[in-house]
């Protein structure tokens with residue numbers, strides 16, 4: 001097991017914060033002209049959403065893989081690990097996706113999708129939780145079977161995951177977002193391999209090695225970014241689709257570059273401490289703001305709306321988190337956090353600890 005230092009914790013939190021900013025910005029802009037800011041055509045807003053497609057969710061999954069403890073010693077440990085992941089991810093997935101279904105169904109007067117489908121099929125942005133639970137369950141089971149060869153098992157699995165990624169199989173029905181699990185698996189495994197092979201210590205903690213690796217990765221990211229931009233503008237015919245060889249290389253190189261760059265910036269670290277809550281709830285607040293501003297201030301410039309929605313999409317879930325961790329049941333149902341009963345002076349410390357809970 002890799003021991004993390006305070007500096008490394010700050011670095012991981014900052015990257016989580018960056019991933020949150022990219023995700024909220026994406027949903028504020030919208031993935032198509034029917035959503036978000038209703039951006040149509042070929043412009044800077046759409047360029048932003050397209051060029052970061054290989055970083056947004058891959059970075060989330062890469063970081064989840066890095067902090068994930070995949071090794072289990074015996075069947076009892078496997079059962080405990082399954083229980084923890086179901087609590088931390090499964091309970092909020094069911095509760096928050098149900099809340100989303102009814103809130104947006106009432107607002108849009110649309111309940112055409114049967115409610116049972118939101119738990120079994122990809123639903124809105126909560127597909128990521130389904131896919132993550134699948135990956136974690138598969139790796140826990142695989143490592144339990146592999147036993148002392150678990151590190152070799154995950155290393156051998158990585159090229160297989162990359163090959164499946166590029167093959168981009170489709171599933172009908174796409175039960176529990178299995179297609180998205182295959183999409184995220186190379187990034188999740190890359191983070192896990194950094195952990196099990198102690199590459200953060202072997203490279204990241206050795207300044208000369210880290211500078212060299214970061215420079216090489218930075219060059220690769222810059223070249224791939226320009227090639228991707230050229231493809232978007234029609235200057236070349238390369239394939240940078242969501243699941244393509246170039247897209248995978250871009251995503252993997254970007255994750256490694258950001259990881260070894262040791263980015264630390266307090267605002268991003270603060271946001272990163274609430275990344276799970278932001279992921280779960282940001283759409284509630286950005287959608288509410290969009291409706292309110294559309295009614296009260298029609299014709300508001302896109303830049304003003306984008307800035308306001310980004311602040312609301314990041315800030316309101318943080319305030320909500322601080323409310324939810326004040327009671328045991330809301331912390332469990334909405335965040336998957338188990339709070340132990342505390343009294344007196346210990347309560348503030350417990351709240352602070354709960355606010356730092358992460359999807360590990």
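Numbering starts at 1 and runs along the chain as displayed.
Placed from the backbone N, Cα and C atoms, the Cβ positions cover glycine too.
Automatic prediction, not curation, is the source of TrEMBL annotations.
For the ranges 32-50, 70-88, 89-107, the feature annotated in TrEMBL as transmembrane segment maps to 89-107. Proximity of the transmembrane segment (177-200) to the transmembrane segment (153-171) is established through 3 or more Cβ-Cβ distances under 8 Å for residue pairs spaced 6 or more apart. The domain 'Acyltransferase 3' (12-321) scores a mean pLDDT of 95 in the predicted structure.
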